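Record features (TrEMBL):
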TRANSMEM  42-63  transmembrane segment
TRANSMEM  83-110  transmembrane segment
TRANSMEM  122-142  transmembrane segment
TRANSMEM  162-181  transmembrane segment
TRANSMEM  193-213  transmembrane segment
DOMAIN    228-486  domain 'GP-PDE'
TRANSMEM  499-518  transmembrane segment
TRANSMEM  575-595  transmembrane segment
């Protein structure tokens, strides 16, 4: 009588099914493969990695460009004639694309961790191609239309560089588990050598990266200069309509040291505050003078200008998303603002003894004040009674004549010139965009007794970097935000940074060595057990040609085995842990911006360490 040995049912591996199913739509066991990835799929893996890297840079760019979102929207308005918040669709698509591609990257790494063949589904290939194409188009568009904004990346790295290095070090150290497993399981010496050398090269590059990281915030605390003065650019345009009396009053409430405005000349010679060439965006000229809505703002006389409403547009467009937080009384006050004259601004500054700086725009050809615009403006300054030393004069036209009429003005240049040339021209101040002056430039001008004011600074991280650089003052559209930064977000001495750098790399090196030792010991012990050549999922069904496809699928699905399963269950569990770690590292970029707060004196944070239990 023949005895049949009981057979053990092959246990379903839910984690592995999800990995292969979501990535390549291979939900069945017989659809999986431990064979080497084909060259075609390997190429798609490289495309996926390149797309992820490109999206990461794109995401970082728009994250740090938050300082200039209003500038970007104003640029779009000048091109289209309509005010729209163009950053919303860009940020939404960027977040969606980055999330999708990062998720695919995590799935691909988990496939490698469990030894599964990479087989990206064709729908995902379409998605990756779309993300790559749209991101490339975005890079080209920004480079052609807003190319100067790329300067925000090297500046932002001065604030985030040390912490991005730590994040990258953690990520590459975590990849040691995957690399060690691949090297230990592979039987091809060339593959082992190439993978190991590539990984060690990346790791060594990260270990040496701090040598190239420079930041003005890595300095001795005793060398920190006094807090830069904040000048309200167009007042406080986040709290009230730009270039209105209410906006400047709100800026004064935020303890600014000066006020900045854009000045044009009316048809009857009255300097008034207006940023745009036309009145369409910031007034109700379309209702009051519909036939003249596209005319230059300087073609209106002061009586017509003063009759326009300059606040309703702010309530309608809500350019800084602040209207909803206003009380009803504040909303009524905002909605009743009118166009402000330069004389009103100067009298307000005189009352509070604050500095005034303005960008004076020359009227177009044929304007009655085309030749007298400088004298008209100087006359208003003298008439307002403001102390001359409180006015920063920026126009380069007829500086000699200006010194003769009003000798006490602070002569200010908007062009970056050598200190010697500035002294020869009698210029004591500079007004530059924040990307035009490096920390070395700022220190050089400071040694030459040239005061530097940088615009437009709205973000605390940028304000902190410029503070550590030694800048004397900044012009900001967000004095209400900078008011909350009494100290640089982070400040470390070179010794403190060196200690953190060396400690992090020693820990990383120890962890990497431990992972490689553990993985090799685990694989060697498994191979010595005689089970290394047993892989149930790679068994071929030679009789498949004599069966129908339905019977074949049933037979494959009900395939059962006796004996042990080898390391597959452990690999599946490893994939679970590895997936969780990758998700954590994936979320790290969104939390890295808070890491600098750990090193700032006025802030103390505690973090709870969570442990993952296999």
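Yeah, the Cβs are placed from backbone N, Cα and C, and that goes for glycine too.
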Thinking of Cβ pairs under 8 Å, which stretch from 42-63, 122-142, 162-181, 193-213 has the most of them with the transmembrane segment (83-110)? 42-63
Name the range, of those listed as 42-63, 162-181, 193-213, 499-518, that has the largest tally of Cβ pairs under 8 Å with the transmembrane segment (122-142). 42-63
Beyond the flanks of the transmembrane segment (42-63) by 6 or more, those residues with Cβ under 8 Å of it: 87, 90-91, 94-95, 97-98, 101-102, 104-105, 108, 118, 120, 125, 128-129, 131-132, 135-136, 138-139, 142, 149-150, 152-153, 156, 589, 593
Averaging the pLDDT values of the domain 'GP-PDE' (228-486) gives 94
